[in-house]
Amino acid sequence: MAAATLLLVLTVVALGSGHVDAFDPNPLQDFCVADPTSKVHENGVACKDPAAVVAEDFLFGGLDKPGGKTSKRFGFTANQVQIPGLNTLGESHVRLDVVPGGVFPVHYHPRAAETALVLEGSVYFGFVSSYPDNKLYAKVLRKGDVFAVPQGLVHFLYNNGTAPATLYASLSSQNPGLVLLGNLLFTGALPDDLVAKTLLTDAHTVQTIKANFRQP
């Protein structure tokens, strides 16, 4: 019996070790410049022919001024860094500009941790730990400050100052994902009665809030 048990343990260890050795989370080449024209579907973007790669594939300009997508409702502009040469390297970046009184509302990134560097102005920035503690970790950040958010935790940004604020955020995934909690509850497909019970309120209140989210 002891010999059989030992053999079973050794077999399990051997199988587990083989699985670990076969898994390589790192790139298998110097770079894999994204080829948006490829019809190949994979976990990421297909690689451009290395012979066709140029220096511009690793460059993105224009972050010296605001740009990109604007949210008038929340008062921010997000300019995502588009560098084909970052494909498969597990990172993404964005410049964020927030007007006084503006917010990047409560959200989380399911596949990435985040660090945010304040370039101009000041913001109230923080995250909340998971249930059951739900502890708030937040600080007023000023120019030159960097704040880190662990992967998957709910966080926010609020410009409660009197001047515009600019931040540069780096995320630890090529595709970090973005879940805006307000949008999830009030613009998605969840039934009103379910949202009402979740928030300990009534369906009329939920419908009123949904109407606010439908406004431009």
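Just so it is clear, glycine is given a Cβ too, placed from its N, Cα and C backbone atoms.
Unlike curated entries, TrEMBL annotations are predicted automatically.
Annotation source TrEMBL lists Mn(2+) binding site at HIS107, HIS109, GLU114, HIS155. Remark: HIS155 (Mn(2+) binding site) has VAL106, HIS107, TYR108, GLU114, PHE125, GLY126, PHE127, VAL128, VAL149 as non-local neighbours, by Cβ distance under 8 Å and separation of at least 6 in sequence.
Per TrEMBL, oxalate binding site is recorded for HIS109, GLU114. All protein chains shown were included, and the count of other CB atoms within 10 Å of the CB of HIS109 (Mn(2+) binding site) stands at 23.
Residues or ranges marked as disulfide bond in TrEMBL: CYS32-CYS47. Taking the Cβ of CYS47 (disulfide bond) as centre and 10 Å as the limit, one finds 19 other Cβ atoms among all the protein chains shown.
According to TrEMBL, the feature domain 'Cupin type-1' maps to 61-207.
TrEMBL lists 1-22 with the feature signal peptide.
The Cβ neighbour count for GLU114 (Mn(2+) binding site), using a 10 Å radius and every protein chain shown, is 22.
The Mn(2+) site, placed at the center of the C-beta atoms of HIS107, HIS109, GLU114, HIS155, has further neighbours from the same chain whose C-beta lies within 8 angstroms: TYR108, ALA112, PHE127, VAL149, LEU153, VAL154, LEU171, PRO176, LEU178. Around HIS107 (Mn(2+) binding site), a 10 Å sphere centred on its CB holds 17 further CB atoms from the protein chains shown. In this model, the domain 'Cupin type-1' (61-207) carries an average pLDDT of 96. For the pair CYS47 (disulfide bond) and HIS109 (Mn(2+) binding site), the C-alpha distance works out to 25 angstrom.
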